[in-house]
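Novice: Marked as region 'Disordered' by TrEMBL: 1-22. The transmembrane segment feature in TrEMBL is assigned to 41-63, 83-105, 117-138, 172-191, 203-222, 284-306, 348-370, 397-424, 436-457, 469-487. The domain 'Major facilitator superfamily (MFS) profile' annotation in TrEMBL covers 44-491.
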Amino acid sequence: MERGDRQPLVRKSSSSYRTFPDSPARRLDKEYLRSLHNKRLYLAVFAAVLGNFSFGFALVYPSPVIPALEAHPSPALRLDQHTAPWFGSVFTLGAAAGGLSTMLLNDCLGRKLSIMFSALPSALGYALLAGAQGLWMLLLGRVLTGYAGGVTSASIPVYISEISHPGVRGMLGACPQIMAVLGSLVLYALGKYPPGLVLDWRWLAVAGEVPVFAMVLLLCFMPNSPRFLLSQGKEEEALGSLCWLRGEDTDYAREYEQIKDSVRKQSRRVSCAELKDPFLYKPILIAGVMRFLQQLSGVTCILVYLQPIFKKTSVILKPEYDAALVGLVRLSAVAIAAVSMDKAGRKILLFVSAGVMLVSNLTMGLYIHFVPASHNGTVANTTLVGSANLPAEPTNYITLIPLLATMFFIMGYAMGWGPITWLLMSEILPLKARGVASGLCVVVSWLTAFTLTQFFLPVVNAFGLKVPFLFFAVISAGNIFFTGCCVPETKGRSLEQIEAFFRTGRRSFLR
């Protein structure tokens, strides 16, 4: 009798939140998910993530180009140990500015138009790089492509999460990272150095224009986010958008009513007083700290200075081939994450990811510390940038260790802390603050990346390459602790159920 008496109480408590029932089957049941037609949804996601392809291409542009510009015959374009760090790091400063502006763009223009807007600074930045006649044009081109990357970083994950349904949101949420990796791989493939670039560094910039224009063209035919349209009071347009994404012969009207009911409960603007509400500040803090820790793990530094790092450690293969190999490993790991994210869950992948990064960074740091310079190829009083021009003459197969450590680091990052931090940012942020908060998270991310990439080379030159890698290992250990204490599991949950969890603190919504 006691068990029978308790059960109705649980039902009554859950039914008091009719928008967030305790059973996911009562909202978007499995039969409905199976009935959906995803082809148009996949097309919309592909159109959007072309912006991430351009972002990945632009991010690692300095890796093969810095060695080419260090040997450039014109003094106006030649890079040295002082200007090369700026050429590598100023991109992230532009990305931070892009994230800052997206705090307004996401809610004023909408997610889709914000992505399309990023094409303007991106195209202009590539044009400056292609036609550069001086250092200022190189740096401005990097800033503008970085600005475009910041806008897409804040807009694309939100757009994908809002047009997707729980059955495929994890897989599609990994697509931005997959396309960013593809962009990096294409850059590595086209920019082999030495003996020379497959494409001259100017033509590399011209090649970067192609995905930008393809993105704008395709997005012209894609719908905007139904949730954003409802927040703007455009109900008929929102219903048409959801119909296009789900298919006319599906029960999309029910999902539309649930989204509409959720949007109706939230005001369009966030007041300062509301920021004291755990419903708002908890998910924003979690997303922001995840972006901070993701960059502190060192991934941007390693990707930007990948070839010089391999030169410094004198691995047994040529640095350009090592960079391409690492890119292939990164692509494979992101693909694994995309397939397993909706099955294994987000948290377990974050744990595995941080653990692999911890071991990899620790291995790299200890290798550089204990292996003699004659074996690992490091040269005393030689800067990391300057070492990029030195011939790689490894004397021992032990020099495979830095290559394997870097490969495993990138694999670990790409399995979890790469794609999942972007996905969780778009999942856990409440609708009323999603546009502003996603931009804020991107600002935090890229300011951190700028600081690290700017100080990475001076720290290496002053204290050695081991110091940053040991620091990255400590951060990876902190990532494990943060995941266990603060990150919720969102696998298979709708965005409305995730909001209900932070609004009420009731874990039954996430079960």
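Our numbering is plain: 1 for the first residue shown, then up by one each step along the chain.
Keep in mind that glycine also has a Cβ here, set from the backbone N, Cα and C atoms.
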Novice: For the transmembrane segment (469-487) and the transmembrane segment (284-306), decide whether they are in contact, meaning at least 3 CB pairs lie under 8 A, counting pairs 6 or more apart in sequence.
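Specialist: The answer is yes, given that the two segments have at least 3 Cβ pairs within the 8 Å cut-off.
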Novice: Cβ under 8 Å, sequence separation of at least 6 from the ends of the transmembrane segment (284-306): give me the contacting residues as numbers and ranges.
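Specialist: The answer is 59-60, 62-63, 88-89, 91-92, 184, 319, 322-323, 326, 357, 361, 384, 406, 409-410, 413, 417-418, 421, 424-425, 428-429, 433, 437-438, 440-442, 444-446, 448-449, 452-453, 456-457, 468-469, 471-472, 475-476, 478-479, 482, 486-488.
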Novice: Restricting to the domain 'Major facilitator superfamily (MFS) profile' (44-491), what is the model's mean pLDDT?
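Specialist: PLDDT averaged over the stretch: 81.
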Novice: Decide whether the stretches the transmembrane segment (436-457) and the transmembrane segment (41-63) have at least 3 CB pairs under 8 angstroms, with pairs required to be 6 or more apart in sequence.
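Specialist: Between the transmembrane segment (436-457) and the transmembrane segment (41-63), contact is absent.
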Novice: Report, as numbers and ranges, every residue of the chain located at least six residues beyond the transmembrane segment (83-105) whose Cβ falls under 8 Å of a Cβ in that stretch; write 'none' if there are none.
Specialist: 58-59, 61-62, 66, 69-70, 113-114, 117-118, 121, 135, 138-139, 142-155, 300, 304-305, 385, 435-436, 438-443, 445-447, 449-450, 453-454, 456-458
Novice: Between the transmembrane segment (41-63) and the transmembrane segment (203-222), do 3 or more CB pairs sit under 8 angstroms, pairs being 6 or more residues apart?
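Specialist: Yes, these stretches are in contact.
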Novice: Any residues 6+ beyond the ends of the transmembrane segment (41-63) with a Cβ under 8 Å from its own?
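Specialist: Long-range Cβ neighbours of the transmembrane segment (41-63): 84, 87-88, 91, 112, 115, 118-119, 122, 125-126, 129, 142, 145-146, 148-149, 152-153, 155-156, 159-160, 163-164, 168, 172, 175-184, 186-188, 191, 204-205, 207-208, 211-212, 214-215, 218-219, 221-223, 245-246, 300, 303-307, 323.
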Novice: Should anything in the same chain at least six residues away from the transmembrane segment (348-370) have a Cβ under 8 Å from its Cβ atoms, list it; otherwise answer none.
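Specialist: Distant Cβ neighbours of the transmembrane segment (348-370) are 297-298, 313, 337, 340-341, 376, 378, 401-402, 405-406, 408-409, 411-413, 415-418, 420, 464-467, 469-470, 472-473, 476-477, 479-480, 483-484, 487.
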Novice: By Cβ distance under 8 Å, which residues at least 6 away from the ends of the transmembrane segment (172-191) in the same chain are close to it?
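Specialist: Residues 41-42, 45-46, 49-50, 52-61, 63-65, 156-157, 160-161, 164, 197-199, 201, 204, 207, 211, 303, 320, 323-324, 327-328, 330-331, 334-335, 337-338, 341, 414, 418-420, 422-423, 426-427 contact the transmembrane segment (172-191) from elsewhere in the chain.
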